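> Quick one: the structure is below, and I'll ask about it shortly.
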């Protein structure tokens, strides 16, 4: 068994409480130290069950908060992609973008992308956040974060996730130009855009 | 010239002030509207001069803050990599990592990596932050952020940056195990590690 000289019992309170809630027949608080040590590994597994966190929101996105959602003690890497509103598009001055999504289908498509990622790379947690409504210049319209034990998996997964999101997820954006004109668009990489 | 119907003069105060400070011979506040409009483009260029931001610190790293440093109105993409302390290494339970760097050389090597990136990809800003001293499990030892107009450049640049940092920058890490043992290591990908 792993040595326990530096094990801090108080730091086990929360995970043990949560494990007791999951398996009420166990009485973990009264276990001897050696049992506690072996339980600790199970706690990691229970608490760190892979999560796909998908959210559409009208609120401003926080890169720090989305990053924190995928952090795991089992992982050495978090990779992120943040899509921000540019102040120009095809030579025209953009003052903000407005996003709309067909929500049930959009969420479903992102869930499929998460599944694809898990088939391809050993990642832990995946978070895909997309803002809807007006997104001013320099603010984030999307934040994607993926954690993995080693860096290659999350780096490749994030790149795949944003490419797939642009190609497959029904999200429309309207550019609002300085000239007070605007136009709704499907993403030009979207698979059904070829019909235009 | 670009239309000005929605131009907000008060929002130009700060950039114009900063441009006046840079070129005190100009008196921008008294310019006519059409001159202000053409100046606005120059302001973007002046304020958004590409920056390489390199920092070693003993303080906790904030992913949100580093991300914000590279955001640019000219860019649609920010890509990030966050290296975090894992709770295990080669089957042993790790409770924290301790980092040391040979600072002048480390900063110089990171500056070279930034230059390499700029030769390879059209990126705007690059931030490379590295924490020194103790880094507990799940906290960030490094945060790399790159912005670019389009996503491929920053995604590829971030991947290149962390690979190069591991291979070339003189940073040592000590794993502190639960058993109260520890060992200092060069990164195993480091080019001079082959001599071991």
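Glycine too: its Cβ is placed from the backbone N, Cα and C atoms.
Feature list, courtesy of TrEMBL:
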- A:150, A:151, A:166, A:173, A:174, A:175: substrate binding site (BINDING)
> Using a Cβ cut-off of under 8 Å to chain B, which of the binding-site residues A:150, A:151, A:173, A:174, A:175 qualify?
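Listed in sequence order, the binding-site residues near chain B are A:151.
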> Would you give the longest CA-CA distance, in whole angstrom, between residues of A:150, A:151, A:166, A:173, A:174, A:175, the set recorded as binding substrate?
38
> Do any residues at least six apart in sequence from residue A:173 (substrate binding site), in the same chain, have a Cβ closer than 8 Å to its Cβ, and if so which, in order?
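Spatial neighbours, sequence-distant, of residue A:173 (substrate binding site): A:97, A:98, A:99, A:100, A:141, A:184, A:185, A:187.
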> For residue A:166 (substrate binding site), which of the three DSSP-derived states applies: helix, strand, or coil?
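Where residue A:166 (substrate binding site) sits, the three-state DSSP reduction gives helix.
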> Would you say which of the binding-site residues A:150, A:166 has the most Cβ atoms within 10 Å of its own Cβ?
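By the 10 Å Cβ neighbour count, A:166 comes out on top.
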> Hey, what's the Cβ neighbour count for residue A:151 (substrate binding site) at 10 Å?
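Here the count is 20.
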> When DSSP is mapped onto helix/strand/coil, what comes out for residue A:150 (substrate binding site)?
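For residue A:150 (substrate binding site) - judged by DSSP and reduced to three states - the answer is coil.
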